[in-house]
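According to TrEMBL, the protein carries these features:
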- 1-102: domain 'EamA' (DOMAIN)
- 115-251: domain 'EamA' (DOMAIN)
- 31-55: transmembrane segment (TRANSMEM)
- 62-80: transmembrane segment (TRANSMEM)
- 113-132: transmembrane segment (TRANSMEM)
- 144-165: transmembrane segment (TRANSMEM)
- 177-201: transmembrane segment (TRANSMEM)
- 208-229: transmembrane segment (TRANSMEM)
- 235-253: transmembrane segment (TRANSMEM)
Amino acid sequence: MLRMLFALPLFVALAWWASRGKPALTRRDVVAVIGLGFSGYYLASFLDFAGLAYISASLERLILYLNPTLVLFLGVVLHGRRVTRRQLMALGVSYSGVLVVFGREMTDLGPHVGLGAALVFGSALSYAIYLVQSGQEVNRLGALRLTGLATTVACVLCIGQFVVLRPVASVFEVPTPVLWLSLLNATACTFAPVILVMLGIERLGAGLAAQTGLVGPMSTIVMGVLILGEPMTPWIVAGTLLVLAGVALLARWR
């Protein structure tokens, strides 16, 4: 919550600055901004953290690797885009990689792996919706204005959840190092990346932006091994290679 509390004034200031001299938002714009704020950060983050309670960080990141395939799927469902046979083959390769690791974790971690995987998949789907719909809205509102408005909504939702579920007084009991870490997360890990992603969507489109963002999941898999001590098993290596191969084929056969 502190992360979003510190980030909120930054996004409010960005929304104000980027809205200067621009036409007022229409009702359609307001609905789109609220929807993007809900799906792109609030819901995606909530489902991701909920899923991590049941599965390893490696499997979680592997599922998030499916994001470009979900962007393709949503393009078909929402905008009537066609899918080629080659693209379907690429999707099959990617999902087989996830199934390899999923089946292994079902054996090692127990029956709740299915629930965790479903929650993280919901997170990936929610973020894919954000990417696809952002690609539709960014040309209307501009990258910086849309980022400021939509992420302000996300910050308010996160803070509101904390107020409803936790005692507000607990905010004032947080140790000073946690406050500094939250401030770092708000600036370097929230404000800056969200702006860069939206600028990328504006210039590259949702599909290429999703593929470029796969650097994040790969780095998290590595850090899960180095920092959290998670094993880099042959199953994880095989699954990761299959997912990466599928995404690479998808990018090649666009």
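Positions of Cβ are set from backbone N, Cα and C atoms, glycine also.
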Spatial neighbours of the transmembrane segment (235-253) far in sequence, C-beta under 8 Å, 6+ residues away: 58-59, 62, 65-66, 68-69, 72, 84, 86-87, 89-98, 100-101, 104, 208, 211, 214, 218, 221
Leading stretch by Cβ pairs under 8 Å, where the reference is the transmembrane segment (144-165) and the options are 31-55, 62-80, 113-132: 31-55
Residues of the domain 'EamA' (1-102) by DSSP state, where helix covers H, G and I: 83 helix, 0 strand, 19 coil
Overall pLDDT of the domain 'EamA' (115-251), taken as the mean: 82
Counts of helix, strand and coil residues, the domain 'EamA' (115-251), according to DSSP: 122 helix, 0 strand, 15 coil
